Amino acid sequence: MSGTAVARLLLRLELPSPGVMPPPPTDYDYGGPISDDEFLASAMATEGPTVRYDLFPQNNSQPTLQIVLNHTEVQTDLQYPHYEDLGLDPDPNWTRICEDVYNPLLENNRIEFWVCGVLINIVGVLGILGNIISMIILSRPQMRSSINYLLTGLARCDTVLIITSILLFGIPSIYPYTGHFFGYYNYVYPFISPAVFPIGMIAQTASIYMTFTVTLERYVAVCHPLKARALCTYGRAKIYFIVCVCFSLAYNMPRFWEVLTVTYPEPGKDVILHCVRPSRLRRSETYINIYIHWCYLIVNYIIPFLTLAILNCLIYRQVKRANRERQRLSRSEKREIGLATMLLCVVIVFFMLNFLPLVLNISEAFYSTIDHKITKISNLLITINSSVNFLIYIIFGEKFKRIFLLIFFKRRLSRDQPDLIHYESSISNNGDGTLNHRSSGRFSRHGTQRSTTTTYLVATGGPGGGGCGGGGGNNSLNNVRLTQVSGSPGLVKIKRNRAPSPGPVVYFPAREMQRSASTTNSTTNNNTSIGYDWTLPDSKKLGHVSSGF
């Protein structure tokens with residue numbers, strides 16, 4: 001260090017309790033150059049335990065020496081590794097306790113505006129819209145399943161996380177660079193931060209463990225299908241979601257006591273400034289080392305990352321093996337494999353977008369260093385991770401995409417892509433008072449075909465009724481015209497083309513039926529199967545119904 005320098009002394013204040021703050025720190029400037037010995041002697045002679053000295057060379061704006069007396073009682077950079085969680089600068093030396101931070105020429109304000117004020121807000125709004133659409137589609141009756149309920153819970157957590165990200169990082173980053181939204185920056189943000197910040201941390205933890213739960217559910221369904229009947233049920237999925245939320249709430253409960261709101265009257269102006277500052281708990285070195293660094297790293301990153309990596313490797317191996325034997329897979333097994341492939345993409349995106357935050361937390365925990373630009377990018381990546389699942393569902397989820405088009409583009413699809421359904425049905429007399437009704441349908445849409453076969457057991461009122469209902473020739477069953485097959489008195493056959501459906505999703509049987517409260521076992525042609533009782537409008541019962549749709 002050179003022999004002469006210009007020294008500037010900045011008096012640091014111990015953070016008081018919430019309330020009106022005392023006058024701002026006082027700056028002392030020495031007009032001429034002083035020697036190192038004079039500087040150190042002046043520093044040691046100053047009273048008060050919270051004094052910091054910044055030594056500036058004459059031709060440099062950056063200090064070459066910083067001396068903090070009794071630094072365990074003051075706020076140091078090392079004690080604030082997570083100020084970015086609140087959108088605050090980790091070193092409050094540059095500002096008063098509360099200060100108007102509007103400065104469009106400051107590089108940090110410009111970067112924060114474009115990364116947080118623009119990108120986080122745009123991505124967040126689109127992500128909220130996508131998650132709402134995902135929740136609507138996944139909650140449809142035809143999408144009712146354990147995995148879809150878990151994905152709905154994941155969308156809920158991601159939506160809350162995006163909202164808190166916008167409130168904490170997106171909107172407050174606009175004012176320091178543009179001068180707009182001062183009312184939010186000064187009168188809203190400081191008062192909601194003590195509650196919104198812990199809610200955001202709860203949502204982040206819940207989102208991570210919902211991703212873990214989804215992967216675990218897919219692992220059981222793909223690798224242990226026999227256990228899936230007991231473990232992967234709709235009721236258990238609700239329990240898994242509640243457990244994840246309760247665990248996240250319990251783990252992040254101390255966050256509610258980490259920050260507080262302070263007020264400061266601007267000297268010479270009729271304005272009261274508000275800002276957020278860390279509480280005494282948040283300034284505790286033990287709390288920071290144990291809870292902020294190690295617990296956060298282990299609970300939010302190490303445990304879920306390692307578990308997700310292992311489970312997805314096992315799922316990928318099973319999917320790869322199944323693809324080699326795809327010809328021998330049943331339709332339900334192919335559907336499970338396709339769903340597992342889609343969720344593999346979800347987890348891969350999760351790894352990619354959370355890798356930088358993981359590196360950043362490791363750097364803070366072990367090296368006590370932090371780059372504010374990287375922190376802002378890290379917050380953006382976490383927001384993107386909570387916003388992209390809808391796109392993955394649209395790209396890889398065939399049924400999800402079909403229902404999405406049906407809900408939001410129903411009229412256009414009906415006009416531009418009419419459906420063509422070929423329907424065939426046959427009814428034979430069993431000779432014991434019942435009819436064996438077999439129907440098949442072929443559904444053509446967008447150049448593809450889908451077939452279904454349905455078997456009914458219809459009571460006719462007595463054996464040998466001469467066809468259907470004891471009549472000969474033509475009869476009517478549920479508004480369906482039956483034609484007697486010549487030479488076969490016990491066989492009635494129907495063949496017709498059904499009118500186009502209003503959308504791409506078709507349910508068979510298409511006639512109006514009401515589902516009774518009970519399920520029964522019915523026997524058709526000596527084949528026993530389990531199904532639902534269906535009741536026609538004329539009170540005739542249909543036995544087992546099995547649909548290939």
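Heads up, the Cβ atoms here are built off N, Cα and C, so glycines get one too.
Going by Swiss-Prot, the topological domain containing Thr152 carries the same name as the one containing Val220, and both residues are therefore on the same side of the membrane. Swiss-Prot gives the label N-linked glycosylation site to one of Asn70, Asn361, Asn385, namely Asn70. Checking the candidates Asn93, Asn527 against Swiss-Prot, the annotation N-linked glycosylation site falls on Asn93. Secondary structure of the topological domain 'Extracellular' (260-289) per DSSP, as helix, strand and coil residue counts: 5 helix, 13 strand, 12 coil. In terms of DSSP secondary structure, the topological domain 'Cytoplasmic' (139-158) contains 16 helix, 0 strand, 4 coil.
Long-range contacts of the transmembrane segment (159-179) within its own chain (CB-CB distance under 8 A, at least 6 residues past either end) are made by residues 85-87, 101-104, 106, 109-110, 112-113, 115-117, 120-121, 124-125, 127-128, 131-132, 135, 185, 189, 192-193, 196-197, 199-200, 203-204, 207, 376, 379, 382-383, 386-387. Within the same chain, residues 86, 149-150, 153, 157, 193-195, 197-198, 201-203, 205-206, 209-210, 213, 217, 276-279, 281-282, 287, 291, 295, 299 sit at least 6 positions outside the transmembrane segment (239-259) and bring their C-beta atoms closer than 8 Å to a C-beta of that stretch.
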